[in-house]
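Read the structure below first, then the notes.
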Amino acid sequence: MAPSIAQNEHINGEVKEVLWNLCKKQNYLPLNWEMAADSLRGSKLDQVKKMVDEFRKPIVKLGGETLTVAQVASIANVDNKSNGVRVELSESARAGVKASSDWVMDSMSKGTDSYGVTTGFGATSHRRTKNGGTLQKNLIRFLNAGVFGIGTESTHTLPHSATRAAMLVRINTLLQGYSGIRFEILEAITKLINSNISPCLPLRGTVTASGDLVPLSYIAGLLTGRPNSKAVGPTGSKLDAEEAFRVAGVTGGFFELQPKEGLALVNGTAVGSAMASIVLFESNILAVMFEVLSAIFAEVMNGKPEFTDYLTHKLKHHPGQIEAAAIMEHILDGSSYVKAAQKLHEMDPLQKPKQDRYALRTSPQWLGPQIEVIRAATKMIEREINSVNDNPLIDVSRNKAIHGGNFQGTPIGVSMDNTRLALASIGKLMFAQFSELVNDYYNNGLPSNLTAGRNPSLDYGFKGAEIAMASYCSELQFLANPVTNHVQSAEQHNQDVNSLGLISARKTAEAVDILKLMSSTYLVALCQAIDLRHLEENLKSVVKNTVSQVAKRTLTIGVLGELHPARFCEKELLRVVDREYLFAYADDPC
C-alpha cells in the first residue's frame with residue numbers, strides 16, 4: 001500500500017532534519033544556507049554605518065574573498081579623496097595563483113585539450129591550435145571592438161571611476177588561483193590603480209555573458225601594449241600604454257600573454273559588478289537619507305507621530321519596515337514641533353481628519369520593502385565580486401580544467417533591475433511628500449509653494465522646483481522598466497542567453513543620479529518648511545503676548561474699577577490665535 005501524503009511529508013521532514021544535523025555536525029553546508037541567512041541579519045543602519053567606515057579607510061587589502069561594496073566604491077572615488085586610497089595584495093595568494101598558471105603551461109606541454117588554451121572561442125571552439133600565446137593575443141585583438149567618442153570623458157567612454165573599480169574586482173577574482181594567470185600581471189594592474197591610471201574602456205558593447213569581454217579587453221590591451229590602447233593619468237591627461245607603464249612604475253616592458261592569460265583577464269563579470277557596487281553603496285546611503293527626510297516631513301506637516309508606533313510595525317513582521325519606523329520615531333522623539341502639533345490635534349479634534357494621508361502615515365510600510373530589496377542586492381553583489389567567474393576554472397588539486405558558466409552575470413542584471421525598481425519607488429514617495437508640502441490645501445498651514453516673501457503675488461517659491469521634481473520622477477519611473485528581459489542571442493547563438501548585467505547597472509547608475517537630484521531638491525524644501533514653522537512659532541508668540549497684554553488692560557477692569565466678566569475672553573482670544581493658519585493672509589483677497 002502506497003504511503004499517504006501525510007506519511008510522505010513526515011518521512012521527508014525526518015530525512016531533511018537528519019541531513020541538516022549531519023551537515024552541521026561535519027561543518028559542511030554545500031549550499032551555504034546558514035551563511036546566506038546570516039548575511040541578512042542585524043540592523044540595516046548598522047550595515048550602512050559599517051559601509052561608510054570601510055569607504056573611509058586608506059587601504060584596501062585584497063585576498064580574493066573579503067572584498068566589499070564599500071571598498072569598491074572607495075577605489076572608484078579616489079579622485080574625490082584628499083588622502084587617496086591604496087590597494088595591497090595578499091602575499092599568501094601568490095602560491096595559489098602561481099600553481100594554476102604553472103598547471104596551464106604544464107598541461108599545454110602535455111597536449112591537454114582545454115577551452116581557450118588550445119581551442120578557438122565561443123561558437124568556434126571546435127578549432128584547435130598549439131600556438132597558445134598567439135591565440136591570446138588575437139583574442140584581445142578581436143575583442144577590441146568598442147567605439148569611443150572624442151576626448152577622455154566622452155559619452156561613449158566608461159567613467160574612469162568604474163574602470164578603476166573593475167580592475168580591483170578583476171584582481172580579486174584572479175587572486176583566488178583558479179584562472180591560470182601570473183601574479184606579476186596582477187601586481188601591474190595594482191600599480192595602475194595605485195597611480196590613479198585608468199585605461200579607457202568603451203561604455204557599451206558587453207552583454208555580461210561570457211563576462212564583460214569587450215570592455216575588459218581594453219585593460220588587457222594596455223597591459224600588452226596594443227597601439228590603440230589609451231589611459232587617463234592622475235592629472236586627467238591622456239596617456240598611451242608606454243606612458244602609463246612609466247607613470248605607474250611598471251618595469252620589464254609589456255606583457256607577452258601566456259596560454260589562458262588573455263581569457264583570464266577578459267572572461268569575467270568585473271565591469272558589471274564594479275558598477276553595481278558603486279551604485280549600491282550610494283543607494284544604501286540614499287535609502288537611509290530618505291528615512292530621515294520622511295521624519296522631517298512628518299515634523300513640518302504637523303503629522304501625528306503614532307504612525308511610528310512599534311506595535312503597528314511589529315505586527316507586520318517585515319524587518320525593513322520595523323527599522324524604518326524605529327529610525328523615524330527616534331528622530332521625532334522630543335521634537336518641539338511634534339509637541340506643538342499634538343496640542344493642535346487636541347484642539348477641536350472632531351473638526352479635523354483622524355489620520356494623516358498615505359505619503360506620511362504609510363511611509364515606513366512603503367520604504368521597508370525597498371530597503372530590503374537594496375540590502376539583498378548588496379549582499380548578492382558582494383558575493384559576485386568575491387566569486388571566481390571565468391571559464392574554464394583550473395582545479396590544480398584534481399588536475400583538471402572545469403568548463404562551466406560562472407561568467408554569466410545574472411546576479412548583476414537581476415539585482416540591478418530590482419534595485420532600480422526600489423529607487424523608483426522611493427522617488428515616487430518622495431514626490432508625493434513634496435507635492436503635499438508645497439500645496440497649501442494639504443500642508444496644514446504652510447504657505448502655498450512654501451513662499452515667505454512679503455508679496456505673494458510676486459513670490460512663487462518652490463513652484464519651479466515642483467515642476468522639476470515631476471520631471472525627475474517621470475524619468476525615474478521610466479528607468480524602473482527591466483533591462484534583463486531584452487536579451488538578444490549573441491555570438492553565433494553560442495551566447496543565446498545573457499545577463500545584460502552592465503547595461504542594467506548603468507541604467508541603475510542613472511536612476512541613482514536622478515534620485516540625488518530629487519533628494520537635494522526635497523531637502524532644500526524641507527529646510528524652507530522648517531524655517532516657516534519657526535517663523536510661525538515666533539509670530540504666534542508675539543501676537544499672543546500682545547493680545548494678552550491688551551486684554552488685561554481693556555477687558556479686566558470696568559469703568560468704576562470693578563472686575564469685568566469679559567476678562568475671561570482672553571483665553572478665547574488666545575485660542576483663536578492658535579487655531580488660525582498664520583500664512584492664510586497670502587491668499588486673502590482683501
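Placement of Cβ uses the backbone N, Cα and C atoms for every residue, glycine included.
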Besides Asn267, Gln355, Arg361, Lys463, Glu491, Asn494, which of Asn302, Asn386, Asn391, Asn439 does Swiss-Prot list for that (E)-cinnamate site?
Asn391
Long-range same-chain neighbours of Asn494 ((E)-cinnamate binding site), Cβ under 8 Å, sequence gap at least 6?
Gly122, Ala123
So what sits near Glu491 ((E)-cinnamate binding site) in its own chain, CB-to-CB under 8 Å and at least six residues off in sequence?
Gly122, Ala123, Ser210
Whose Cβ, among the binding-site residues Arg361, Lys463, has more other Cβ atoms within 10 Å than any of the rest?
Arg361
Check the Cα distances from Tyr115 (active site, proton donor/acceptor) to each of the binding-site residues Asn267, Gln355, Arg361, Asn391, Lys463 and keep only the ones within 10 Å.
Asn391
Based on DSSP, name the secondary structure state of Ser210 (2,3-didehydroalanine (Ser)): helix, strand or coil.
coil
Listed in sequence order, the residues of the same chain lying six or more positions from Asn267 ((E)-cinnamate binding site) whose CB sits under 8 Å from its CB are Gly116, Ser210, Gly211, Leu213, Leu216, Asp390, Asn391, Phe407
Of all the recorded positions given, Ser210, Gln355, Asn391, which residue's CB has the most CB neighbours within 10 A?
Ser210
